[in-house]
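The annotation active site is assigned in TrEMBL to Arg67, Asn85. Feature annotation from TrEMBL assigns domain 'Acylphosphatase-like' to 52-142.
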Amino acid sequence: MVFLYSSGLVVSICILLSVLVLFEYSFSQPNKLTSKETIATMAAPSKQLLYACNFEVFGRVQGVFFRKYTEKQAKTLGVHGWCKNTNQGTVKGQLEAPLSQINEMKHWLQNKGSPKSVIEKAEFSEAKEISAYTFDEFSIKR
């Protein structure tokens, strides 16, 4: 005898089995999240706070690909913002990211830079919390 099931019924059964397996797994694992917590965690990942700060780097930072390396490092870290050369021979810019990434970028700007740069000092404004990114990515302004 052959039984034909509608696709809706098959999907419903699959969903029900998945929920039951998840529920059973959560009780068989001590110190694990309950099925409600697991579903909530999967549905809503934690939102990191975003911050923005301005910077200016002094020293031999022009003519040594400092902006290009800054852009590359920012993109590697997931930092948004911009940088540009100034008429005073410095590089200025703005950083936007979660605080840990801003701090990594600040360290890089103060201590590393491009291979041929000579960083005398770097100044940063206080990091201020922002509600959303202002820039889509990190770019070089001309």
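Along the chain as shown, residues are numbered 1 onward.
Just so you know, glycine gets a Cβ as well, placed from its N, Cα and C.
Within its own chain, Asn85 (active site) has Gln62, Arg67, Val91 as residues 6 or more apart in sequence whose C-beta sits under 8 angstroms from its own.
A sphere of 10 angstroms centred on the C-beta of Arg67 (active site) encloses 22 other C-beta atoms. Looking only at the domain 'Acylphosphatase-like' (52-142), the predicted model's pLDDT averages out at 98.
Residue counts for the domain 'Acylphosphatase-like' (52-142) under DSSP, split into helix (H, G, I), strand (E, B) and coil, are 25 helix, 35 strand, 31 coil.
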